[in-house]
Every structure is written in C-alpha cells, then in structure tokens.
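Notes follow once the structure below has been shown.
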Amino acid sequence: VEWGEDDQFDDIERHTQWGLDLMEKYVKFVKERTEIEQAYAKQLSRRLCFWGFCQYQAFLQVVKELNDFAGQREVVAENLTTRICVELSKHGQELKQERKSHFQEGRRAQQQLENSFKQLENSKRKFERDCREAEKAMLAAEKLDQDLNATKADVEKAKQQANLRSHMAEESKNEYASFLQKFNRDQSQFYFLEMPQIFNKLQEMDERRTVRLKEGYGVFSETERQVMPIIGKCLDGMKAAADSVNEKNDSQVLIELHKSGFERPGDVDFEDFSQPINRTSSDSSLGTPRGTLDGRLDPRLLGKNKGKRWLFSKKNKPVITEDFSHLPPEQRRKKLQQKIEERNRELQKEIDQRDALNKMKDVYQKTPQMGDPASLEPKISETLSNIEKLRLEIQKYESWLAEAESRMLSNRPDNTLRYSRHLDHATTLNNNGSHEKGSPDATHSDDSQDALNQPIYTEFDEDFEEDLASPIGTCVAMYQFEGSSEGTISMTEGEELSLMEEDKGDGWTRVRRSKGGEGYVPTSYLRVTLN
C-alpha cells in the first residue's frame, strides 16, 4: 500500500510530524540516560590509600574493579551519545528539511490547482453573463423589428447589437471550454501524478526514519550487551578479592605493624609493711639491713625507682624527634630503615642525573654546536651537593639504626636473665651476713642494688601511656582534620568528641572519638565546652 493512493494531505502531514517528534523524544530519553550513566560512573570512582591488611587490600581491589565497572558505564554513555543522540539528531534535522521541501512542493501543486479552478469559475461566470446579455439584445432587436413606429436605422442598430452580444457569448463559451479543459487536466495531474509522487516521497522518508529509530532501539540494548563480559570480569574480580581476605594474615600484620620491642614486665613483689612490728631486739640489723625477713631484697627499695607500667600508663603528647627516639624500639628501627631506603632511592636518582649531565657535558665538549658545556656546571654542582647531603643523611640514619639495634639486643631476655642472676647473688650475700653494712663490700652491694633498681625502659614509658580518666568536657569539630602525623587523630566536620586534655599553650588539644581512638587535634579547629 502506498500513501499516493490516499488524498489525506493533512493526515500525512500530522503523521510525519508525529514521527519526528517521537525521534526527538527518544533522543532526549537517551541523552538523559547518558547523563545518569556518567554521574553514576563518577560517583562509583574512588581513590583510596594503601594499607597493609589483606582485608583492606581486598577492599582496594573491589574499588579498583568498581572503577573498571564505572569505566564501562562511561563507555555505555559514550556509545549511546555517539550512536544515538548525535546520529539520530543529525538524521532528524535532515528529515525535517526533506519533509519541509516535500510539503512545500505539495502546497505549490495545491495552489496551482486552486488558481486553475478560480480561472475556470471566472470564465464560467463571464460566459453565463455574456449569454444573458446576448439573449436580452436578441429579444430587444425582435421587439423593435415588430414595432411599426421604429425606424429602419433603429432596427438595424438593434440587430447589430444582438449580433455583437451573441459573438461575445460565443467567445466566452470558447474561453470557458478552454479553462475547463485546463482545469480537468491540472486536476488529473494533481491527483494522479503530482500528489502521489509527493506522498510516496513522504512515505519513503518516514520509513527511513522508522528504520533509523529501529536501529537506535537496537543500539540501546547492544551497547549494554557489549560491556557485559567486561562487567562480568569486574564482578569476578570482586569475588576473588573477597576470597583473598585472610584473618590470620591480618592479625600477623597488626603484630608486625605495632610491635614495640618491649619485654613484658615481671611479677610485682609483695611489700611486707609488718616487718618493723615483727622484728625483735635480738634480730641482727647488721646482717640484713636492707632486706626482708626472708632474706630477699626489700621490694620497696626495688620499687622506689621502678618505671611506670607502660601498658596502662598515661599517654602524653608525643614529641617527634628526627632520630625517632620518641617511638618504641621496634617501630623506631622500622622507621629508620624506611628513611634509609628512601634516601638511597633519592641518592640513586641524583647519581643517575649526575652521570647523565656528565655525558651531556662530554657531548657538548666534542660537539660545541649542540650546546655550551659551561651552562651545565651549575646543575652539576647542585647535583653533587645533593649527593653529598644524601650520603651524610644516610650515614646519620645508619648510625641511629645501629644504636637502636644494639639497644634492642641489650634488652633481650638473655640480658634480663643475667640481671636476675646478679640480683640473686646480691641477696645471697646479704642473707649469709658475709658483708657488713659498714664494710666497703657492703657499700658496693648497696650501690649495685640502687643501680639495678633503675627502670630499663624509662625512656619509652611515655609513648605507651593511656589515660583511663573520664573526659573533662566535650567539643565539636568545626573543620575536617586528617591526623597523618604521630600522636594526632583524624576528625570530620561536625563530629562530637570527648575532651580529654586542654590546650597547654602549644595549639593542640587531646580528644577521644566516640568510635574509639584518642589523639591530638588543632585547638583552633574545635568548639570546646568544659564540664
């Protein structure tokens, strides 16, 4: 069936306009879909820092796969934009111009037919008028011919007028017949040739539009189908990341990450305050002047200078030092090793740059037209200076590392065992009464006891103190803060925190988060309310 068999010009015009509107609506729909895909891909993409736990690495892998997933959504959006929005919009504009030209051609044909019909109507009315005038003139001439009082001249004149009118009517009749033939010919051409051709062109145009819209529908689904294999691989990668989580490995990582190197404290001795009451006058005060009833060293003397229990002691604000002596032994060793590795990498870069500059200088000396060798001297001098500085820094860190490792070796259990043996030997001497208090040996023994009573790890005690006291107030974070340095803690804007210690004049305040964790944050970032 062809549209040319129908003469509903207005219906076809409405239908073709509806088809173009449908294409525009579909393009708008796809454009909105691409905007959603792009926003979705942008929100999916995340950047996270690295951490050693396998559960966090698995999370990073999930986020990486999610970024790839987001990339596929961007591919979908790009393909939909290019293959549907751009192409269909361009095709729609072309169809609008083509449709406009076809309807202009149809309206011209309609106008020509209307003009031909108007000419026919005018010639018809003129023919009708001339016929009436000729009939009147003929009746008047006959009436005058029968009138006896009429002159011969008047009769001849009336007959001439009747003949003229009859001639004019005949000419109008021929003109009317000619216009009638022309209109019939134009009408036939309009309905059987011109309009069918225009309608067929419009039909072909609308069918092309339908085919392109059909292809657009197919592209919409095919674009999704093309990315499904890659999206499937992303989902498989997420599942593999989930399977890679090992809770035992994370526990070991946590141990290695926070291992301090301290030895566990020994048992706390019983302090017998009843000794002065139970002592008799016959007891020798010379044999056990500084001991207990059982001959052991007085635990009060041992505890006199005893270091704090580092596991449960109060934690002060850390003072960061260049040699990392503020850290526990194991953490200090790791930090120093890390610094040495960083400086070695920087040193290697500077050495490579020096070698490259020297080679370039040799080239300039051999081929002066390529450059001036003297222009490289400042850069070479700067590189040599950097190399010397880095070597000095490496030596400095290596000396600190050696010191830290030697200190860790001195604090190992075998040294503690030797200390215990020495302590037992001193106790035995006092129990046997072989040295009196006033003798030089006794004095030496007392000095040894005082020396042994000194805490082994007093220099690291403050790094492991922890305050179990209740908060002294509350505070609200006015700004976000990333606690990246030692002793600090992160907080988000608007977060409510517990105030543990006021600012001591250095611009830092110690707080505790509701989810756990305690550290220092800038005082200017807080709005403080004291209890």
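Just so it is clear, glycine is given a Cβ too, placed from its N, Cα and C backbone atoms.
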Inset, instruction - Among 305-332, 333-360, 361-388, 501-528, find the range that TrEMBL records as coiled coil. - result: 333-360
Legend entry - Remote residues contacting the coiled coil (333-360) - C-beta distance under 8 A, at least 6 residues beyond either end: 261, 323-324, 327, 371, 376, 379-380, 383-384, 386-387, 390-391, 393-394, 397-398, 400-401, 404-405, 408
Inset, instruction - Taking helix as H, G and I and strand as E and B in DSSP, count the residues of the domain 'SH3' (470-531) in helix, strand and coil. - result: 3 helix, 30 strand, 29 coil
